[in-house]
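Remarks on the structure that follows.
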Amino acid sequence: AVLILLTFFSVYLPFLRNRAIADYLRSNGYEEAYSTFKKEAELDMNEEVDKKYAGLLEKKWTSVIRLQKKVMELESKLNEAKEEMTIGGSVGQKRDPKEWIPRPPERYALSGHRAPVTRVIFHPVFSVMVTASEDATIKVWDYEAGDFERTLKGHTDSVQDISFDQTGKLLASCSADMSIKLWDFQGFECIRTMHGHDHNVSSVAIMPNGDHIVSASRDKTIKMWEVATGYCVKTFTGHREWVRMVRPNQDGSLIASCSNDQTVRVWVAASKECKAELREHEHVVECIAWAPDSAHPTILEATGSENKKSGKPGPFLLSGSRDKTIKMWDVSTGMCLMTLVGHDNWVRGVLVHPGGRFIVSCADDKTLRIWDYKNKRCMKTLCAHEHFVTSLDFHKTAPYVVTGSVDQTVKVWECR
């Protein structure tokens, strides 16, 4: 059998190759080269025999390119695995929890929503997570057991965003039905509905003190609401298009927003003053996230700002855009500190790893990516869903990441 194979490779393959080259030369009009090659290769060619060699060289060439691409992909994965081993230390050595990252495959893939999932968040205290969907419902799941717990119904159109207060007793939601709802998360009842926006309410967040809620809308405004009464107490105006997301910083003194007008704005919560307008994105800005204090040492090291000793550094803000990039901003100066390039489609979610050393993002390229932003590179890519990945959350203390997708599923990823 081995002898037959060797004979095949040594005799038949050169014969096939020569026939294919001759066909290519003749069919492309290189008559002189064809005649010379035919003579040198001692080929006896006629019309009948030649049909099966028609276009063979191009087909083989395409196959080579396809194989080369596959080789490059495998080499990339191998390098990624080697780097992970380096970061993780020697075999058997436990990785620092500050460096835990999500690992494939997912621990759970949860189905139940009947339309795209728009937002996923972890509860700050209990081992549950909450998901919002275009099916107008909010669902509660046990992420440790992978069990569905209950559905909160009340909105009449797509639920766009959800937010817990710091105790986890209150949940705020907003919807394309133009309302904001406040839910008692102990009794799972809607205790207040707020109206005031003139269009789709795309984002909501409970302020850190728990007394107020901020919301953003397609009506181009941001509003602040009193939790106790449900009254709108402030309206922030300045964006020229749909406001996509709104997020307060850790102490609630600043509010960041991003918009279809391609800008990110930072507002002083008390005065409604626009403190900064950040303008370097080239398309709709979909998402924003404040960097926690745990990230400040790495940010300063990465940006060469360690000599900036005057007062507390930052604050720092991340933004993700339809221009496929993630940007990091120093809000105090309005400067873009870095741009991370790698996603192949719109960036839909971004946050800083609780340990402060990595950035985690999701996008319409169906991936979840972990960025070593100190070295400005993507260190891991997970093929997360079968459709666009719309949202992600990283648990502050437990080793879990959750993602939601247009494929209507929610996935729980274990980190190690």
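We number each residue from 1, going along the chain as drawn.
Just so it is clear, glycine is given a Cβ too, placed from its N, Cα and C backbone atoms.
TrEMBL: automatically predicted annotations, no manual curation.
Annotation source TrEMBL lists signal peptide at 1-22. Marked as domain 'PAC1-like LisH-like dimerisation' by TrEMBL: 17-45. Look at TrEMBL and you will find 110-151, 152-193, 194-235, 236-267, 314-339, 340-381, 382-416 tagged as repeat 'WD'.
Cβ atoms under 8 Å from those of the repeat 'WD' (340-381) belong to residues 80, 83-84, 87, 96-102, 283-284, 286-289, 291-299, 301-302, 318-322, 324-328, 387-397, 401, 403, 405, 413 of the same chain, restricted to positions at least 6 beyond its ends.
Sequence-distant contacts of the repeat 'WD' (110-151), counting only residues of its own chain at least 6 positions beyond either end whose CB sits under 8 Å from a CB of the stretch, comprise 157-164, 166-168, 171, 173, 175, 177, 183, 185, 188, 387-388, 390-393, 395-396, 398, 400, 402-412. Same-chain neighbours of the repeat 'WD' (152-193): 115, 118-119, 121, 123-126, 130-140, 199-206, 208, 210, 213, 215, 217, 225, 227, 230, 245, counting only residues six or more beyond its ends whose CB sits under 8 Å from a CB of the stretch. Packing against the repeat 'WD' (314-339) from elsewhere in the chain are residues 249, 254, 256, 258, 262, 264, 266, 275-278, 280-291, 295-296, 299, 302-303, 305, 345-352, 359, 361, 363, 371, 373, 376: each is 6 or more residues past its ends and has a CB under 8 Å from a CB in it. When pLDDT values are averaged over the repeat 'WD' (110-151), the model yields 98.
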